[in-house]
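Down below is the structure, laid out as structure tokens.
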Amino acid sequence: EDKEEDESKEEDNGNQQNRASRRKNYQRKNRDGKKAREEGSQKKDRGKTAPTKDQKESENKGKKTTKRGKEGENKQKKDRKNSTSSASSNSSDEESLSEEELAMLKEQVEQKKKLISTMRTKPWRMVKKLSVLREAQDFVEKFEGALGKGKGKKLYAYKMMMAKKWVKFKRDFENFKTQCIPWEMKIKEVESHFGSSVASYFIFLRWMYGVNLVLFGLIFGLVIIPEVLMGMPYGSLPRKTVPRAEQATAMDFSVLWDFEGYIKYSALFYGYYNNQRTIGWLKYRLPMAYFMVGISVFGYSLMVVIRSMARNANESTADGDDDNFIFSWKMFTSWDYLIGNPETADNKFASITTSFKESIVDEQESNKDENIHLRRFLRVLANVLIICCLCGSGYLIYFVVKRSQTFSKMQNVGWYERNEVEIVMSLLGMFCPPLFETIAALENYHPRIGLKWQLGRIFALFLGNLYTFLLALMDDVNEKLAEEDVVKNITHWTLLSYHNSSAGNDSTVTPPPLDPADVPRGPCWETTVGIEFVRLTVSDILVTYITILVGDFIRACFVRFVNYCWCWDLEAGFPSYAEFDISGNVLGLVFNQGMIWMGSFYAPGLVGINVLRLLTSMYFQCWAVMSSNVPHERVFKASKSNNFYMGLLLLILFLSLLPVAYTIMSLPPSFDCGPFSGKKRMYDVIQETIELDFPLFVAKIFSYVANPGLIIPAILLMV
């Protein structure tokens with residue numbers, strides 16, 4: 001290609017030299033003709049008499065020279081045509097482009113490319129930018145291929161075509177990946193109407209759905225499916241059979257609604273799984289798998305939460321200090337460019353205007369300390385009232401749980417008495433957040449700061465309620481452990497007396513096995529704990545959906561249709577349309593996930609229920625937001641809200657791990673239910689697996705690693 005380009009350059013240089021020499025000859029001939037004509041005209045001017053023979057001869061000479069000049073011009077034109085046609089046929093396919101024109105075209109293409117790359121920095125209107133950009137792109141696409149020389153031109157054009165197609169393919173593939181993200185367009189629609197602060201909740205909900213889907217895959221694939229396919233079938237063991245006294249009502253709706261009957265003795269709960277060390281032809285170690293999956297749930301969740309926090313910290317933009325450069329931050333960072341709804345844009349515009357006015361007043365009053373003591377007093381008063389509410393809710397839950405333990409020992413208990421704990425906790429979670437928001441109006445915080453305070457207080461409410469519930473539940477577990485000792489003796493005595501009586505009647509005949517439905521059962525405290533967590537989750541789902549229907553949809557319908565015939569303006573006054581409660585919904589998700597983490601060890605099917613809950617919540621809440629809610633009066637950007645949500649989730653993950661770790665390390669498992677029955681502690685399954693399935697030196701290594709001299713420094717390093 002380089003040789004061909006050099007040859008073409010040499011040919012072009014030769015053609016240019018021929019043209020230059022012809023032009024010089026043509027100019028000389030024209031000069032001679034002009035001189036002759038000038039001499040003739042001078043002679044005519046000298047004498048106006050009749051022309052002489054000398055004059056006639058000079059005129060004839062001038063005519064001859066002009067004829068010769070015209071003939072030279074015709075010859076030069078013919079030579080130019082022949083030379084240019086031959087040169088163009090030899091050099092390239094573009095017959096009309098010379099070397100100078102190609103250089104000019106190349107310069108123009110480079111200028112257009114530079115213009116395209118710097119288009120964003122031009123201080124033009126968008127319409128002008130788009131029109132100039134289209135013209136530049138069309139020019140580059142049309143003339144860029146003409147810059148090639150000889151045979152290399154086709155290769156150059158092919159490369160340019162493939163490069164453009166590759167760029168288009170990458171852009172289309174990115175759009176395809178965006179379309180494949182679940183609920184991406186739905187969340188973008190919510191974001192355009194309500195701002196990024198409301199959309200951050202739905203992004204957090206989608207992330208929670210993905211995490212729970214992975215946890216469900218772990219539990220379902222490694223625990224539930226192996227037990228169902230390779231374990232003992234239903235009715236073969238007492239732990240997998242409904243007792244004889246409960247079989248008559250085991251399929252009643254009221255019994256199934258309380259997760260008793262057949263649901264209690266299913267793979268949904270801990271007690272269904274057998275303690276057989278290996279099951280099936282694969283020799284699958286189910287107890288070990290159950291224990292490791294329970295630990296992996298917390299390990300995977302911890303890893304994902306920390307990675308998400310690190311990613312958000314790297315991608316988030318700085319908020320700036322609220323005390324420094326107030327007006328600069330408001331001027332250049334106040335607008336939320338994701339808003340696409342006119343009503344939301346008007347609210348945002350009014351919010352920015354109001355914030356400027358407030359900042360001006362605050363700046364003028366910053367040197368005056370007249371009301372600072374009143375503000376401090378109101379904030380202290382608000383915190384005292386909220387602490388009283390938290391203490392009262394904790395005491396109420398403890399009282400209700402202790403009362404439910406007395407109801408469980410009674411016969412013919414009503415529906416309210418059976419579900420009193422779930423009802424009280426759901427009502428507290430529904431009415432306390434609005435009460436906190438009303439009290440927080442005394443503090444007069446910025447909306448973003450107020451949101452974080454509200455999140456922290458609701459988090460303290462939910463966490464206090466949950467731990468109060470756990471403390472009261474631990475008292476019930478201790479009572480069941482004491483009851484197990486009595487039932488264990490009764491069970492052994494019943495089996496021994498049955499075999500002795502069968503042997504006394506006929507010693508030569510093997511006695512038939514005792515029906516599993518007739519064997520006395522222990523209370524199985526693990527299944528009881530799992531049932532309580534499943535009830536809490538289901539009641540929380542129902543209360544959330546009913547609150548959305550009554551508090552948002554029916555309220556919006558009432559305001560919309562009754563406003564025409566009411567005494568005052570319902571849209572502007574009371575009750576008006578509801579705003580989306582970001583703090584309450586986020587803390588509801590976090591609280592629910594904490595119950596899932598704690599309860600999944602005692603109820604493996606609880607994660608599946610939570611996956612269905614999150615899936616329906618995405619569609620139901622998106623519909624409720626778009627149809628029943630209005631944008632916030634003071635719309636603010638999400639900023640680092642996602643990382644704040646992750647911080648709360650990380651905290652409740654750690655606090656959810658503590659009760660599970662306590663039961664694994666301290667409490668003895670039930671003797672007749674679950675994969676760890678017959679062992680002193682649940683973690684004994686690890687020692688059993690190491691001793692029976694690993695070489696001897698591996699057991700020594702684990703014994704050295706379990707030395708407190710190594711564990712304590714490792715814990716300190718992690719802290």
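Yeah, the Cβs are placed from backbone N, Cα and C, and that goes for glycine too.
As the structure is a computational prediction, the values presented were derived from the model and not from experiment.
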TrEMBL annotation of transmembrane segment - which of the ranges 421-442, 553-574 it falls on: 421-442
Tertiary contacts of the transmembrane segment (207-229), as residues 6+ beyond its ends and Cβ separation under 8 Å: 182, 267, 272-274, 279-280, 284, 286, 289-290, 293, 296-297, 300-301, 304, 308, 589, 593, 596, 600, 604-605, 607-608, 610-611, 614-615, 618
Intrachain residues whose Cβ lies under 8 Å of the transmembrane segment (421-442), provided they are six or more past its termini: 378-379, 381-382, 385-386, 389, 393, 396-397, 400-401, 404, 450, 453-454, 457-458, 461-462, 465, 469, 532, 535-536, 539-540, 542-543, 547, 581, 583-584, 587-588, 591
Recorded stretch that, among 288-306, 601-623, 701-718, has the most CB pairs under 8 Å to the transmembrane segment (644-665): 288-306
Long-range neighbours of the transmembrane segment (288-306), counting only residues six or more past its ends (CB under 8 A): 211, 214-215, 218-219, 222-223, 226, 273, 597, 600-601, 646, 649-650, 653, 656-657, 660, 675-676, 682-683, 685-686, 689
